[in-house]
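The domain 'CNNM transmembrane' annotation in TrEMBL covers 3-190. The annotation domain 'CBS' is assigned in TrEMBL to 209-268, 271-329. For 63-85, 97-115, the entry in TrEMBL reads transmembrane segment.
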């Protein structure tokens, strides 16, 4: 079938109208299906596109007025164009029903079904991409949409537009969880998980990471043999590698790479992988999604100067929601309450918070703003890192440093001093 130059122009214009109709249909679904929490966060951070999406979500009647006008306008214009094109070929008496046969499936499939289906796959990102163009269309159609809304109010007295109460905010959900009648079947643990999920966008990686001085690391000059010993002792599948100083992490070595090495005397620097670095103030929910998409099991947390200050894993982030997850390779730290002798003593992780000691076990110790743990308490009172085996008697309690290195205290035994001598004593047991 041969087309004249003008007919080709009209065919191209008809296809453009079909694409424009698909744009309006897909945009409507994208905005209405977008992640309200994510859009709200971006809007508060100053994203102009997110603010526009928020505007349409707060005024859905304006969104639907724009998309319906755009869709119908495209369909009507397209029908007129195709009828005009066909009238010279099949005659005016047949052009209308031929147009219906051609245009109906095109509109339903390419103008409605496909764009709406595609929009539901990644609605939030698509909404941010199309909202600027949609805003221009809203401004262009505003006189017509405003008139239609006014007419609707006349036809249906008291009509104020589309009810927006079906939109749930995080605050709404938190309030619902607190109301007994709203969550009668929820256990306390389930409520706690919901609260954690709601507050997750406010949690930063710095709050959940494991500090670098508590991380098992390898110096890049250490051999593969040494790495095997570390993996065997701790049961980890990957360990950070540093150069010169522990804060200068240069990579990660995995057990899978180690097992492939033929010469166990080579340094781990030759088998290390690039580390995945993240800023300390990154949001936990963003990082969890990022690590899932990038298939990264462990990330190194750095400060504003680029120094490594900790690590975090997917397991750590999940534990932020559901609590502690233990596997066969977890190395349990001592818990307060573990009695080591009849005299009544406790072997504890030196990182345990003093508030927890006081609340759970009645061990009341003075606390300053500059420290929160037993380790901090000892460092503050001694003015230095105590040696392994050293004892401190204070506030009626005896603290014995069970495990320490030149930089930190790791484990402490504490027990009640039977005689109530007031003062400060210290000894070192060789």
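A Cβ is built for glycine as well, from the same backbone N, Cα and C atoms used for every other residue.
On the 0 to 100 pLDDT scale, the model's mean across the domain 'CBS' (209-268) is 88.
In terms of DSSP helix, strand and coil, the domain 'CBS' (209-268) has 20 helix, 22 strand, 18 coil. Here the domain 'CBS' (271-329) is broken down by DSSP into helix, strand and coil counts: 20 helix, 16 strand, 23 coil.
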